Amino acid sequence: MKFFGHFDAFVLILSICVVQNKWKIRLQLTKPVTWPPLVWGVVCGAAASGNFQWTIEDVAKSIVCMLMSGPFLTGYTQTINDWYDREIDAINEPYRPIPSGAISENEVITQIWVLLLGGLSLAGLLDVWAGHDFPIVFYLAVGGSLLSYIYSAPPLKLKQNGWIGNFALGASYISLPWWAGQALFGTLTPDIIVLTLLYSIAGLGIAIVNDFKSVEGDRAMGLQSLPVAFGTEAAKWICVGAIDITQLSVAGYLLATGKQYYALALLGLIIPQVVFQFQYFLKDPVKYDVKYQASAQPFLVLGLLVTALATSH
């Protein structure tokens, strides 16, 4: 009897470990490392609205908006992207959860639906909470979810084209969460839409950084990423050009609209990015991609906040 008691305890512990491991795999599919830019986008949108107050209610609204944008809808985006990339990942990164068989197809599909419906539900809740007559946050969430789907799924599969796919990715990470944050606390205006879409060109450049390590698999699957289409040397200059020229254009816009101090602050944040581009990325975009992003991107996201604060005044 004692033997069976020990055996039952062993089975219970083993079952708990299996369940915990499965949740780790589910979390891995959502790529939490990709959530912070979306969370930051909500912060920028709230700041740009000029109406955010440090009250319990406004903080709670912003947290729910961050949960919608990050864990739920970005988690949905990353999971569905891995699902439709399972064949190319079998070439580039066969150890990833789906091609390795660490999670079943039914479990992946269930996760996609749970995250999508959870994100849309939070969007609807935010519209009701904010008292919107028109459910703008919900429609932004629907639009972003549709963009995520056509980015990854055939027949459109926007990511097959380096220009369109990376711009769509940049807009998803910069424009959409900004719009959601601003619409939640204020009014989304045409000039902000144009400005954030311009900033999405910088997002295009950031997205290209991740394409260099996948050249072999992209070429094998017929994906026209920019490093495949133009070669590594040309693509890395397109990448830094998109990032730098966009920010310089935004600084010029701020200067032209009488926001001189904000423009100077943005210029000050561009300089270290250029330094890190020459120090790391332009030397070897594959070897130094992580080091470059860790060094340069904090200055870019601070520039986003500077721009948001400028537009709120």
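Cβ atoms here come from the backbone N, Cα and C positions, even for glycine.
Going by TrEMBL, these are the annotated features:
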TRANSMEM  112-130  transmembrane segment
TRANSMEM  136-151  transmembrane segment
TRANSMEM  163-180  transmembrane segment
TRANSMEM  192-213  transmembrane segment
TRANSMEM  261-282  transmembrane segment
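Same-chain neighbours of the transmembrane segment (136-151): 65, 68, 73, 76-77, 80-81, 116, 119-120, 122-124, 126-127, 130, 157-159, 165, 168-169, 171-172, 176, 179-180, 183-184, 188, counting only residues six or more beyond its ends whose CB sits under 8 Å from a CB of the stretch. Taking Cβ pairs closer than 8 Å, the transmembrane segment (192-213) reaches residues 48, 92, 162-163, 165-167, 169-171, 173-175, 178-179, 182, 225-228, 232, 235-236, 238-243, 245-247, 249-250, 253, 281, 285-286, 289, 292-293, 297, 300, 304, 307, 311 in its own chain, all 6 or more past its ends.
Beyond the transmembrane segment (112-130), the same-chain residues lying 6 or more positions past its ends with a Cβ under 8 Å from any Cβ of the stretch are 30, 61, 64-65, 67-68, 71-73, 75-76, 79-80, 83, 136-138, 140-142, 145, 180, 184-185.
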